[in-house]
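Database features, via TrEMBL:
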- 458-474: compositional bias 'Polar residues' (COMPBIAS)
- 11-111: domain 'BTB' (DOMAIN)
- 442-474: region 'Disordered' (REGION)
- 176-194: transmembrane segment (TRANSMEM)
- 231-252: transmembrane segment (TRANSMEM)
- 258-282: transmembrane segment (TRANSMEM)
- 330-350: transmembrane segment (TRANSMEM)
- 362-382: transmembrane segment (TRANSMEM)
- 388-414: transmembrane segment (TRANSMEM)
Amino acid sequence: MNLMNNMDSENRVVLNVGGIRHETYKATLKKIPATRLSRLTEALGNYDPVLNEYFFDRHPGVFAQVLNYYRTGKLHYPTDVCGPLFEEELSFWGLDSNQVEPCCWMTYTQHRNTQETLAVLDRLDLDTEKPTDEEVAKKFGFEDAYNKGKVSWWQHLKPQIWSLFDEPYSSNAAKIIGIISVFFICVSIISFCLKTHPDMRVPYIRNITVKTANQNTSWVLDKTQTNAHIAFFYIECVCNAWFTFEIMVRFISSPSKLRFITSSVNIIDYIATLSFFIDLILQRFASHLENADILEFFSIIRIMRLFKLTRHSSGLKILIQTFRASAKELTLLVFFLVLGIVIFASLVYYAERIQINPHNDFNSIPLGLWWALVTMTTVGYGDMTPKTYIGMFVGALCALAGVLTIALPVPVIVSNFTMYYSHTQARAKLPKRRRRVCPVELSRPPRLPGQGGPGVCNTGSGKLPSSNAPSTGSMDQAIRRMNANRTITKDVILPKMETKEPVGNV
């Protein structure tokens with residue numbers, strides 16, 4: 001019986017992980033080869049021969065699931081541990097994170113979606129915190145000059161101009177520039193809309209010479225068209241002068257010219273500004289041509305200046321990013337809408353022709369496409385309606401299918417917006433300057449008397465220790481450092497225990 005107990009104790013191994021002792025069989029650790037626990041030997045540095053255990057300064061909660069994986073062959077994810085920490089622990093123990101059980105896979109992979117979301121928010125540049133000088137130098141490409149202390153006046157002035165015109169929340173002056181920019185954008189849009197109102201236009205009167213029946217000459221005033229009031233022209237001149245100045249300043253002070261040119265908002269900005277000058281040239285040289293008013297259609301791109309407001313509103317940036325992230329769902333929505341429109345347009349066309357219907361509005365399937373579109377989108381203009389019972393039944397099915405088709409992807413879009421918005425609010429509440437944790441190397445254990453080694457002579461031979469041999473006080477300090485390294489702390493640093501130095505020399 002004692003022999004069996006001795007054999008059982010020899011087959012068991014004690015693992016001290018983060019201060020919590022776990023005991024298992026060596027055969028259990030051999031179940032998963034090529035891992036850290038399957039290669040345990042007493043020659044390892046973390047083996048304590050006094051306590052007969054292996055010590056690992058790792059997360060004890062994760063190790064409980066790791067050890068359970070060795071026992072049962074099933075790896076589960078603890079819900080009270082962050083995903084990156086779980087991956088780091090698995091990497092330390094030499095395990096594959098893809099072995100997580102299907103019941104825990106969705107919960108485990110949530111941190112990956114969160115990391116992708118945070119990466120997207122980093123690209124959106126939603127931070128309002130002022131960057132450090134080192135970050136500014138790295139952003140504008142003069143990091144070497146900054147490290148050498150040879151920053152020129154232009155390198156010092158360029159980031160200030162850029163933050164003044166492109167980062168509205170960087171300073172009070174930048175806020176004023178942002179308010180001025182928003183003011184000119186709003187005035188330009190309002191002016192563009194108001195100049196089309198009949199009360200805001202001036203009639204263009206032309207004097208026409210005609211001959212009467214008595215072969216006399218008379219003049220007739222003819223109002224052929226109306227033009228916008230001259231005040232709108234001066235308003236647009238002032239607004240576009242500001243937009244031109246703003247584009248030039250931002251281009252000159254931009255950290256990356258290529259990124260500035262290829263930015264979608266900047267493309268809208270300088271195309272809208274360029275359209276104003278093209279409109280002036282056409283009015284000067286092409287106003288005598290027929291259908292010259294059609295050229296004014298291209299000035300509608302100035303409405304797109306509203307997208308410039310995204311630089312001043314994080315909510316608009318999040319909304320645009322939500323539509324980008326929901327591109328697959330929106331594409332699926334359009335596909336099902338087109339499919340339903342074609343099907344119901346064909347059905348209503350033939351349904352209205354089955355019975356006698358003298359007031360049939362569906363003379364062709366293309367006309368039915370318009371009816372199916374306004375019905376599936378629940379608009380219903382009423383310009384085309386089915387008159388037969390079969391056509392009404394098709395119309396009811398079309399309306400129901402439209403409601404279901406449009407309602408399905410809406411929760412996904414709302415979920416994406418909520419995700420981005422909640423992460424943005426959480427990032428805004430986090431401290432920008434966080435305390436850094438420096439890595440600390442474990443100190444080597446002190447050598448006991450009688451052990452050989454560099455700098456230590458064998459005291460048993462009667463020789464004095466060399467000058468490099470550690471004294472008793474240094475040995476006690478080394479022991480205290482080892483105990484401090486093995487102490488588990490959380491938010492509070494435990495006081496170190498002091499030991500009394502023995503009297504005499506070793």
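From the backbone N, Cα and C atoms, a Cβ is placed for every residue, glycine too.
Because TrEMBL annotations are produced automatically, they should be read as predictions rather than curated entries.
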*Same-chain Cβ contacts of the transmembrane segment (176-194) under 8 Å, 6 or more residues past its ends?*
164-165, 168, 200, 232, 235-236, 238-240, 242-243, 246, 299, 302-303, 305-306, 308-309, 311-312
_Long-range Cβ neighbours of the transmembrane segment (362-382) (under 8 Å; 6 or more residues past either end)_ = 337, 340-342, 344-346, 348-349, 352, 391, 395, 398-399, 401-403, 405-406
*So which residues does the transmembrane segment (388-414) touch in its own chain, when a touch means Cβ under 8 Å and the partner is 6 or more beyond its ends?*
322-323, 326, 329-330, 332-333, 336-337, 340, 344, 347-348, 351-352, 354-355, 357, 362, 372, 375-378
